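Asker: Structure below; questions to follow.
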Amino acid sequence: MATIILGSQWGDEGKGKLTDILCPSAEICARSAGGHNAGHSIVAQGVSYDFHLLPSGLVNPKCMNLIGSGVVFHVPSFFSELEKLEAKGLAGVRDRIFVSDRCQVNFDLHAAVDGLEEVELGERKIGTTGRGIGPSYSTKASRSGVRISEVFDEAVFERKLRQLADGYRKRFGDLLKYDVEEEIARFKEYRKLLPNYVVDAVKFIKDAQDQNRKILIEGANALMLDIDYGTYPYVTSSNPCLGGIITGLAINPRKIETIVGVVKAYTTRVGDGIFKTEDEGEIGTKLQDIGREWGVSTGRKRRCGWLDLVVVKYSAAINHYTSLNLTKLDVLDTFPTLKVAVAYKDPATGEELDFFPADLSLLERCEVVYKEFEGWNTPTTHIKKFEELPAQARQYVEFIEQYVGVKVGWIGTGPDREDMIYR
């Protein structure tokens, strides 16, 4: 049976910690979408490991790991990440990682194009990580990309990559700083190494599910960055939602047991795009400092603000969570008053929206309707039992459950793996 961990906001919710906790009981850990733009850290036996492209199930020596068909696969990052894990003493990683032969290859060409497209957009830039994720998915959708399976046919590979580079050069001219022959030469070496890792992922997952193996699926990014359901166009270029998990891994939906939505106890966002509860003053700065809000992948500081339950309720309607993992509750310990967004009010009509609209111009003009809570002003760090939380903290958690309609099954109360309440 499969357990799925999904981000319910704009990413950086703390999915990695729950993945780390659940990994020891998993036989397979898989990723379904995105690329090396994602990022989180896992602490195992006192050592911190950074993961971007690779599934974090690699910290479990008994767990096999799969990069699914929906991922855009940057080959240099794959090998460099493996090397970094080995350098930190993680044993046997090369024997426990597999890649779908249907993955699209994310070339350095795509990263070069990513930067040029952001410049082209000017003030309307998306705020991407610059890792070529969007251009990779664009070439996939236009059917001009290269699949991993095609890397092994040298003639086909070179023809398709040259065509891709020629097309971009016609568009950008001398602004495109990229040497296609250099990339082709690098892939001559990768072609020798990749066969050890590439598998038919459809058969891999089918066999695993037929044998009732325990599969843990870690979502990258989050629902509000989904290409269809997020704050378009300020989104990623894949589907980091439940639907994307099913298509990206060919998972049998009837064999999904648990879907966990990970929710930070406040809200953060990296890059541009609408963020109704953002606080650019003292509150936002305090959340940023206490929560250590800067990205693993980019180092960029995260925008911070109050918890937006309209967003969480919307994501629950799409991802159908069976439970929530509320993270970083302890970050709120010193706030005398807390706020959560429960609706958006259109000042033109007076109408209150309790569901996230597609029309961002409507959202822009809306005012946030907040519910205030009394803070608890006492440390919650390292607390392991719900009953030991201050009454105000319990009230905060219970209101989230009531509003979203999903039970909070886990509550993070600190940075360590052990700092988790189970309910």
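Glycine residues also receive a Cβ, built from the backbone N, Cα and C atoms like all the rest.
Swiss-Prot lists these features:
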{"type": "ACT_SITE", "residues": "D12", "note": "active site, proton acceptor"}
{"type": "ACT_SITE", "residues": "H40", "note": "active site, proton donor"}
{"type": "BINDING", "residues": "D12, G39", "note": "Mg(2+) binding site"}
{"type": "BINDING", "residues": "N37, A38, G39, H40, T129, R143, N221, T236, R300", "note": "IMP binding site"}
{"type": "BINDING", "residues": "G39, H40, S41, R302, K328, L329, D330, G412, T413, G414", "note": "GTP binding site"}
{"type": "BINDING", "residues": "V296, S297, T298, G299, R300, K301, R302", "note": "substrate binding site"}
Asker: Have a look at the binding-site residues (N37, S41, T129, N221, T413) and report the one with the fewest Cβ neighbours inside 10 Å.
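Answerer: Comparing Cβ neighbours within 10 Å for the binding-site residues N37, S41, T129, N221, T413, S41 has the fewest.
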Asker: Measuring CA to CA, name the entry from the recorded positions H40, T129, N221 that ends up nearest D330 (GTP binding site).
Answerer: H40
Asker: With R302 (substrate binding site) as the reference Cα, tell me which of the recorded positions D12, G39, T129, N221, K328 is the closest one.
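Answerer: So, of the listed recorded positions, the one sitting closest to R302 (substrate binding site) is D12.
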Asker: Of these binding-site residues, R300, R302, K328, which scores lowest on Cβ atoms within 10 Å?
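Answerer: Output over binding-site residues R300, R302, K328: least Cβ neighbours within 10 Å is R300.
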Asker: The record lists G39, H40, S41, R302, K328, L329, D330, G412, T413, G414 as binding GTP. What's the largest Cα to Cα distance among them, in Å, rounded to a whole number?
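Answerer: With G39, H40, S41, R302, K328, L329, D330, G412, T413, G414 as the binding residues for GTP, the largest Cα distance is 22 Å.
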Asker: Report, in whole Å, the straight Cα-to-Cα distance of the residue listed as 'active site, proton acceptor' from N221 (IMP binding site).
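Answerer: One finds 7 Å between the Cα atoms of these residues.
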Asker: What subset of the binding-site residues T129, G299, R300, K301, K328 lies within 10 angstroms of H40 (active site, proton donor), using C-alpha positions?
Answerer: none
Asker: Of all the recorded positions here, H40, K301, which one's CB has the most other CB atoms within 10 A?
Answerer: H40
Asker: Just to verify a number: CA distance, D12 (active site, proton acceptor) to G39 (Mg(2+) binding site), in angstrom, no decimals.
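Answerer: Cα to Cα, D12 (active site, proton acceptor) and G39 (Mg(2+) binding site) are separated by 8 Å.
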Asker: Across the record's IMP-binding residues N37, A38, G39, H40, T129, R143, N221, T236, R300, the largest CA-CA distance in angstrom?
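Answerer: Max Cα-Cα spread across the IMP binders: 33 Å.
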Asker: Between C-alpha atoms, which of these binding-site residues comes nearest to T129 (IMP binding site): S41, G299, K301, K328, T413?
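Answerer: Result for T129 (IMP binding site): the nearest of the binding-site residues is G299.
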